[in-house]
Amino acid sequence: MGKTNFAMATQSVLKGISQVLLIDNAWSGLLILIGLFFASVEVGFVALVASCLGTATAYLIGANRDKIKHGLYGFSSVLTGIASLLFLEGDSKYIAALVGAVLAVFFTVAFHSIGAHFNLPALTFPFIAVTWCIILASYSMSHLHLSDVTAVTAIHEMTNNQQTVDIFDTLFKDFGEIFLQNSYICSFFILAAIAISGWRNTIMASAGIVISIAVVYICGLNLHDLEMGFYSYNTILTMIAMGSAFHKNIRGSYIYVALAGILTVLLTPVIVIVLEPFGLPALTMPFVATTWLFLIIVNSVEKGDY
Amino acid sequence: MGKTNFAMATQSVLKGISQVLLIDNAWSGLLILIGLFFASVEVGFVALVASCLGTATAYLIGANRDKIKHGLYGFSSVLTGIASLLFLEGDSKYIAALVGAVLAVFFTVAFHSIGAHFNLPALTFPFIAVTWCIILASYSMSHLHLSDVTAVTAIHEMTNNQQTVDIFDTLFKDFGEIFLQNSYICSFFILAAIAISGWRNTIMASAGIVISIAVVYICGLNLHDLEMGFYSYNTILTMIAMGSAFHKNIRGSYIYVALAGILTVLLTPVIVIVLEPFGLPALTMPFVATTWLFLIIVNSVEKGDY
Amino acid sequence: MGKTNFAMATQSVLKGISQVLLIDNAWSGLLILIGLFFASVEVGFVALVASCLGTATAYLIGANRDKIKHGLYGFSSVLTGIASLLFLEGDSKYIAALVGAVLAVFFTVAFHSIGAHFNLPALTFPFIAVTWCIILASYSMSHLHLSDVTAVTAIHEMTNNQQTVDIFDTLFKDFGEIFLQNSYICSFFILAAIAISGWRNTIMASAGIVISIAVVYICGLNLHDLEMGFYSYNTILTMIAMGSAFHKNIRGSYIYVALAGILTVLLTPVIVIVLEPFGLPALTMPFVATTWLFLIIVNSVEKGDY
């Protein structure tokens, strides 16, 4: 019995990691976790603790057991914990990571409820909201210090006109970037996590990379940013969300999926610029904004009332 | 039969142009189109193509035939196409105009759906959203260049204290400004388009001009901007929306219409300043914001629950 | 009969003042009004007139009599009137105060309706929205001038490192700050108004002060701002809202109340920084944002669906 509970808890925690990629698979979560440990022991450890904390908090406040079991209360905590490590410095960043991981659960409850009014999932928005608050709050807190990487997802303007891209970087860095890591080995483990979760997710993730490369070239966006994966990690998430996790069988459904992918790339610099006056990184907001927009459209098409 | 279809398509396309003014009249659309051709052959041509594209896209994705027939899927495309011409330069602006016109249809579907939750129409918000995205995206795209007129609707501060206004300019430039054109002849055609659409629209448009002149003088707003029509084009749209297109028969209904008109003028500089850090023009946002606010109020009053 | 009406009107007007603190008690309103007169005759007078105007406007547009009687149409007008006095200068500020007080009623109707969709009260958001609009509009109006105190609620950064706090200031200035007054005697009257309204409100207000002091120290926020009451007035409002006015009997309900109080302090610098590019003060936005967030959470917990 205790063993079953332990197995259940382990599964919830690992799925809390895989659900960042909208994947409901504990083995995928384990592979990602190993990847994160390879990227940095610190990051791997915080991801594990944050997933445990998020899941435990959800359990304590009496959240839906089924949602907990599928990791739906862990993934925003995982990302918030990792982001706190990246954007802050000094020992207080660990406290921020833990507090952030707990807060993310409350934000998840709130945004689930608001989203439900529009028939939309919260996606990673709780993570985005909490992380933005932590970054902004740190400006006024003498015990919290911003690190230098706040501008990590800054899209460069055309003046920085790199002419060629390292295709290897371009193809693989984006997977790590989903967890804010700039590491090949981490990317490979995440890629493996997607691969074992099913062919549909794999195809969608690959298509996401192809679309982002194509759109970046066609529109003359910055090649260095493409290389760093800044344009593709959001696109990969949108493609998995629209083409797999929330896929709807409507007429021409894959045209909507492709359009959503393309729009994610186009919206990335838009959101980066809107956030510039506030000194905030875009995080996964391009994925969230585009997926909400297209879920509303696809829901309308399915109901036939538009 | 084919002839009927052609007539139907023509009607949809022309109503797509007249619906910018919330007018459901193909002849009005034709007059406006002629006015736009007089302002610039390029603008007239893009308006026509954008209306065709928007209507065709809506048809292809299976949107409600009745809405298409009344031009409700064309007007945001028309405005987006014209705005792309104005705010961008170089040949790529034509591609942006066409892509924007198509995107506007998808945004229309999404905002229709969100608006319906609150019993609100999308108005020209799809146009505003797409155009803002195009302007912001162009900062990062080496293939898209902003023109010098981005600040076209900038409200000047009091330091620029022009003391008198050219009453002729004041009375007529605003109609053209609805389609972002600074042209008398275009304004006259648009005025004619309103006139033939019915006495109610004509009265509301005229009242909009009177209200905007009065409020600008009383509040000491910039007279040069008044002369350019920046304060009145939004007011004209609000008055037609509240006093004609969405008019409700409640007690003292015209007081609400007048208040909406007054608030549109007052909100214009507010929205201009809020958008300044992002380098974005106000477009028809003062009209959209005020009309949403007052439609909510008027709906509450009608239901008697407030 | 006429006497009854007069008594009823007086009660509505006084409750319009007490409802700023979410207190439904005419005597509390009277005490606050006296306190405001002590702070400044001008402020007291404008608060009284604004409450009368707001109540009368709501009556004229046929709003729900019961809501009017409980002061729910007065409090945003009161705050808007007082804020106009503070943020503007010159004689036109009185006109802005009166117009703002009337406008606040219309915004209240609108935000009540939008809030109802999410099962949320409008709180002081109508006041915030109108006051922000007045401040932004004044930039473009030669007849309205901003005073020097616009930055009154600016949270200072850590560089201004005051090392000690005057505990007396810290404990009492915050009550006056709710009505934007920096006055001991006003604070004492407001404290008395809370005290006579019931033990629950008194405990919640006291807990709000304790929480804000604790969080400010723990997080290393600015002690001078704490002393001025900038961190605690929002927390007091949140605590009264969550722990008394809108309190729900759910499991561990006071943990949610305390969390809401803590988050209000943490969100205060966040909102201050987000508003900085627009030159706007935070007003009671930290209270409104946190209370909405936690009301959504508490509603979800009560329904058991999260």
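Placed from the backbone N, Cα and C atoms, the Cβ positions cover glycine too.
The transmembrane segment annotation in TrEMBL covers B:20-39 (among others).
If you look at the transmembrane segment (B:45-63), the same-chain residues 6 or more away from its ends with a CB under 8 A from one of its CBs are 9, 12-14, 16-17, 33, 36-37, 71, 73-78, 80-82, 84-85, 94, 97-98, 101-102, 104-106, 108-109, 179. Taken from TrEMBL, the feature transmembrane segment covers B:45-63 (among others).
Here the transmembrane segment (B:70-88) has long-range neighbours at 12-20, 24, 29, 36, 42-43, 46-47, 49-51, 53-55, 57-58, 63, 94, 96-98, 100-105, 107-108, 122, 124, 126-127, 130-131, 134-135, 138, 144-147, 149-150, 152, 179-181, 281, 283-284, meaning same-chain residues at least 6 beyond its ends whose C-beta is under 8 angstroms from one of its own. Taken from TrEMBL, the feature transmembrane segment covers B:70-88 (among others).
The transmembrane segment annotation in TrEMBL covers B:94-111 (among others).
Sequence-distant contacts of the transmembrane segment (B:118-139) (same chain, at least 6 residues past either end, Cβ-Cβ under 8 Å): 20, 75-77, 79-80, 83-84, 87-88, 96, 100, 103-105, 107-108, 110-112, 145-146, 150, 237, 241, 246, 278-281, 283-285, 287-288, 291-292, 295-296, 299. For B:118-139 (among others), the entry in TrEMBL reads transmembrane segment.
Marked as transmembrane segment by TrEMBL: B:178-196 (among others).
What TrEMBL lists as transmembrane segment is B:203-224 (among others).
Listed as Cβ neighbours of the transmembrane segment (B:230-247) (distance under 8 Å, sequence separation of 6 or more from its ends, same chain) are residues 21-23, 121, 123-124, 153, 155, 170, 174-175, 177-178, 194, 198, 200-201, 203-205, 207-209, 211-213, 215-216, 221, 253-254, 256-257, 260-261, 264-265, 268, 282, 284, 286-287, 290-291, 294-295, 298. Here TrEMBL flags B:230-247 (among others) as transmembrane segment.
Marked as transmembrane segment by TrEMBL: B:254-275 (among others). Same-chain residues lying 6+ beyond the ends of the transmembrane segment (B:254-275) with a Cβ under 8 Å from its Cβ atoms: 153-155, 204, 207-208, 211-212, 215-216, 219, 221, 230-232, 234-235, 238-239, 242-243, 247, 281-282, 285-287, 289-291, 293-294, 297-298, 301.
For B:281-301 (among others), the entry in TrEMBL reads transmembrane segment.
Under the heading site 'Important for channel permeability', TrEMBL lists B:Thr284. Around the Cβ of B:Thr284 (site 'Important for channel permeability'), the same chain contributes B:Leu79, B:Leu123, B:Thr124, B:Phe127, B:Ile128, B:Ile178, B:Tyr233, B:Asn234, B:Leu237, each under 8 angstroms and 6 or more positions distant in sequence. For the recorded site, B:Thr284 (site 'Important for channel permeability'), the DSSP three-state label reads coil.
Within its own chain, the transmembrane segment (B:178-196) has Cβ neighbours under 8 Å at 18, 20-21, 23, 25, 27-29, 31-32, 34-36, 38-40, 43, 47, 79, 82-83, 86, 152, 172, 202, 205, 228-229, 233, 236-237, 240, 284, counting only residues six or more beyond its boundaries.
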